Amino acid sequence: MEPVDPRLEPWKHPGSQPKTACTTCYCKKCCFHCQVCFITKALGISYGRKKRRQRRRA
């Protein structure tokens with residue numbers, strides 16, 4: 001790897017962000033788009049609010 005300028009913030013390092021924006025698509029290409037897409041789409045991990053399940057009526 002190339003040395004990174006220590007004066008740059010971590011989020012401004014070259015290659016730290018993909019050139020295209022993230023989408024809501026779940027195809028294989030979009031699931032491996034970036035690290036965030038992989039964690040949320042491919043692994044299904046989200047730390048947001050959980051939706052309440054409705055109980056089945058008998």
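Quick reminder: no glycine exception, Cβ is built from N, Cα and C everywhere.
According to Swiss-Prot, the feature site 'Essential for Tat's translocation through the endosomal membrane' maps to Trp11.
Feature annotation from Swiss-Prot assigns N6-acetyllysine to Lys28 (among others); the stated evidence is similarity to another entry. DSSP classifies Lys28 (N6-acetyllysine) as helix under the three-state reduction.
For the region 'Core' (38-48), the model's pLDDT averages out at 86. If you look up Swiss-Prot, you'll see 38-48 marked as region 'Core'.
What Swiss-Prot records for Lys50 (among others) is N6-acetyllysine. Around the Cβ of Lys50 (N6-acetyllysine), the same chain contributes no residue under 8 angstroms that is 6 or more positions distant in sequence.
Here Swiss-Prot flags Lys51 (among others) as N6-acetyllysine, drawing on similarity to another entry. Using a 10 Å radius centred on the Cβ of Lys51 (N6-acetyllysine) and all shown protein chains, the other Cβ atoms total 6.
Per Swiss-Prot, asymmetric dimethylarginine is recorded for Arg52 (among others). Sequence-distant neighbours of Arg52 (asymmetric dimethylarginine) (same chain, 6+ residues apart, CB-CB distance under 8 A): none. DSSP gives Arg52 (asymmetric dimethylarginine) a coil state; it is part of no helix or strand.
Among the features that Swiss-Prot reports, asymmetric dimethylarginine is placed at Arg53 (among others). Taking Cβ-Cβ distances under 8 Å and a sequence gap of 6 or more within the same chain, Arg53 (asymmetric dimethylarginine) has no neighbours at all.
For the pair Lys51 (N6-acetyllysine) and Lys28 (N6-acetyllysine), the C-alpha distance works out to 25 angstrom.
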